[in-house]
Amino acid sequence: MSRSAVHFGAGNIGRGFVAQFLHESGYEVVFADVNEELIGALQAQPSYLVHEIGEGAVDKVVDGYRALNSRSQESDVVAAIAEAEVVTTAVGARILPFVAPVIAQGLALRDPDAAPLVVIACENAIGGTDILAAEVRKLNAEPSAIFANCAIDRIVPEQHGGLDVTIESFHEWVVDRTPFPGATPDIHGVTWVDDLRPFIERKLFTVNTAHAAAAYHGLDRGWTRIREALATPELQAEVRAVLAETKALLVAKHGFSDDEQQAYIEKTLKRISNPELPDTCERVGRGPLRKLSRHERFIGPAAELAERGLPAWDLLNAVGAALRFDVPEDAESVELQALLSSGRPAAELAREITGIEPGHPLFDSLVEVVQLRLDR
């Protein structure tokens, strides 16, 4: 009997990263998604291509999958989970509580003699699988499952139409080994580690920070594409200054060598400047409230730098650019601009938007940044 993996989220990351690796590892992938059009396309098409671009460019075929609508075919998804070896997600951290009940139902139907289900949430969030596990345990107190956090890194530009996915050749999928009492699952492309946090924070505070800083500064200056913005010396200098600050934190906190982190920075800048990945400042900047939250790519490292007595002026400058992100098509942008137009004092807004409390060494500087935005 073939091994199976249920994957929630049939979007570009799901199809072009997680499902591709599960497929290459010999799993029958069962896609679960509420997007009726997307699931219909997967059901109608027996395969799709993943176009890897950049160094080592290659086209890869993903086939032999099934696709289920997790709203109208929920019982089928539950049955698939009951028989699966692995469940993964790429739905966005805020959607995990809605996925949890289906997983809990599937766990309740599993053979008690079966090996524990391996659950890995592949989300752009620290402790994404912990979030999912907590929601599952509200419904199933003792699930027969192993929940493992992970860090994922692969740039997927915005694409329209069709199932084929264009994606960079670089990838990093690092998974916490410690929840496993014995051997870890055989999943192609995964690096198993005993301490995940250094990898999560290096990626979040370098790749995500650089990408978002380039987007907000770039849009602020009228650029459309990330690569065009980074081609300008002034903007590249701003992004490098931000990364110099996060580098100081990562080296001090996690013991990365100066040269090692600098090499990671150079690789990151090369990746996000790739002319074959025509990403836009607007797409990368979407969701500014999440990206300005307490433990995210700007406020997280800036707060820790302030706690260590180290400067974070360039991170704060990027925060200022993010506060000017005004894109009516993005719900969080609309919400952010409504907050900033509400007439409330800067200190109150700084606290609500960033989660930093008065008395924190970063707070007064954040209030200044917000006040500058209000005074525009």
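Even glycines carry a Cβ here, placed using N, Cα and C.
Here TrEMBL flags A5, V6, H7, F8, G9, A10, G11, N12, I13, G14, R15, G16 as NAD(+) binding site. Applying an 8 A CB threshold to same-chain residues 6+ apart, the list for I13 (NAD(+) binding site) reads A90, C122, I152, R154, V156. In the three-state DSSP classification, I13 (NAD(+) binding site) falls within a helix.
This prediction places the mean pLDDT of the domain 'Mannitol dehydrogenase N-terminal' (4-188) at 95. Marked as domain 'Mannitol dehydrogenase N-terminal' by TrEMBL: 4-188.
Annotated domain 'Mannitol dehydrogenase C-terminal' per TrEMBL: 195-336, in sequence order.
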